[in-house]
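A.B. asks: To start, I am sharing the structure in question, which I have written as structure tokens.
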Amino acid sequence: MRNASGPRGPSLATLLFLLLIPEGGCERIIGGDTVVPHSRPYMALLKLSSNTICAGALIEKNWVLTAAHCNVGKRSKFILGAHSINKEPEQQILTVKKAFPYPCYDEYTREGDLQLVRLKKKATVNRNVAILHLPKKGDDVKPGTRCRVAGWGRFGNKSAPSETLREVNITVIDRKICNDEKHYNFHPVIGLNMICAGDLRGGKDSCNGDSGSPLLCDGILRGITSFGGEKCGDRRWPGVYTFLSDKHLNWIKKIMKGSV
């Protein structure tokens, strides 16, 4: 479900402008390992249809943060306390009350790939289900920072989704590198509201089915899995994550406060 990079975008001048503008204005796990069961209790498995999954993070008892390109509907199921994609006694299955895609989400540029989902019922917090708190500030993540991302997506480009939760350690890559001709080449532009992360040698990445998974850097929630290249784990196209900037955090808090 993690998006692959799209066709040629706007002009280079426009792309450079997008990269430099300030905050204002409106995948599968490759190269990772299966986690200890229920050791990531904040993870939410999103079953959007019989054969489509995404992931998300439980940020309040009845709120999940995921990606805007995950097509959440009234019939979508949010499974908390999951290690396996199959039924487990620890799982809590909740349904959607209302979805709030980020209003400035752009399918073409991939800017603002965030979505808040309010659940019909509150989750029961226990050893298998826990809240992942939002960061206090939207501090940018420096290149070289170690991060981790988990999900139930593919662990190989031709594989089916993983039956169990997997996680991979990745490193933040400078946006200038991700935008150069050896990588995304500004198609699309990796802007200030995105985090580029993976391994410059390739082989470590999120993948299809990991969309919406939380990116944790130094143990802090910093991003949401958004898109990547045609092939997961390809060194030319590291994974790209929506950065939880102050602008995004303010929107999240406003939506949750206004929907009480």
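Any Cβ shown, glycine's included, is placed from N, Cα and C.
OK, Swiss-Prot features for this one:
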- His69: active site, charge relay system (ACT_SITE)
- Asp113: active site, charge relay system (ACT_SITE)
- Ser211: active site, charge relay system (ACT_SITE)
- Cys54-Cys70: disulfide bond (DISULFID)
- Cys147-Cys217: disulfide bond (DISULFID)
- Cys178-Cys196: disulfide bond (DISULFID)
- Cys207-Cys232: disulfide bond (DISULFID)
- Asn157: N-linked glycosylation site (CARBOHYD)
- Asn169: N-linked glycosylation site (CARBOHYD)
- 1-26: signal peptide (SIGNAL)
A.B. asks: At the Cα level, what's the spacing in Å between Cys147 (disulfide bond) and His69 (active site, charge relay system), rounded?
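C.D. replies: Pair distance, Cα basis, whole Å: 23 Å.
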A.B. asks: Of the active-site residues His69, Asp113, Ser211, which one has its Cα closest to the Cα of Cys54 (disulfide bond)?
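C.D. replies: Smallest Cα separation from Cys54 (disulfide bond) among His69, Asp113, Ser211: Ser211.
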A.B. asks: Let me know how many other Cβ atoms fall within 10 Å of the Cβ of Cys207 (disulfide bond).
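C.D. replies: Total other Cβ atoms inside 10 Å, all chains included: 31.
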A.B. asks: Have a look around Cys70 (disulfide bond) and count the other CB atoms within 10 A of its CB, chains all included.
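C.D. replies: A count of 25.
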A.B. asks: Find the shortest Cα-Cα separation between Cys70 (disulfide bond) and the recorded positions Cys178, Cys196, Cys207, Ser211, and name the residue that gives it.
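C.D. replies: For Cys70 (disulfide bond), the closest Cα among Cys178, Cys196, Cys207, Ser211 is found at Ser211.
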A.B. asks: Determine, from DSSP, whether Asp113 (active site, charge relay system) sits in helix, strand or coil.
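C.D. replies: Once the DSSP labels are grouped into three classes, Asp113 (active site, charge relay system) ends up as coil.
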A.B. asks: Among the disulfide-bonded residues Cys147, Cys178, Cys196, Cys217, Cys232, point out the residue whose Cβ has the most other Cβ atoms within 10 Å, with all shown protein chains included in the count.
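C.D. replies: Most Cβ neighbours within 10 Å: Cys232.
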A.B. asks: Whole-number answer please: how many Å between the C-alpha atoms of Cys217 (disulfide bond) and Asp113 (active site, charge relay system)?
C.D. replies: 19
A.B. asks: Name the one residue among Asn169, Ser211, Cys232 whose Cα is closest in three-dimensional space to that of Asp113 (active site, charge relay system); these are the recorded positions.
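C.D. replies: Answer for the nearest of the recorded positions: Ser211.
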A.B. asks: What is the nearest of the recorded positions Asn169, Cys178, Cys196, Cys207 to His69 (active site, charge relay system), using the Cα of each?
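C.D. replies: Minimum Cα distance from His69 (active site, charge relay system) across Asn169, Cys178, Cys196, Cys207 lands on Cys207.
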A.B. asks: Could you give the Cα-Cα distance between Ser211 (active site, charge relay system) and Asn169 (N-linked glycosylation site), in whole Å?
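C.D. replies: Taking the Cα atoms only, Ser211 (active site, charge relay system) lies 16 Å from Asn169 (N-linked glycosylation site).
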A.B. asks: Would you mind checking how many other C-beta atoms are within 10 angstroms of the C-beta on Cys54 (disulfide bond)?
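C.D. replies: For Cys54 (disulfide bond), the 10 Å Cβ neighbour count is 30.
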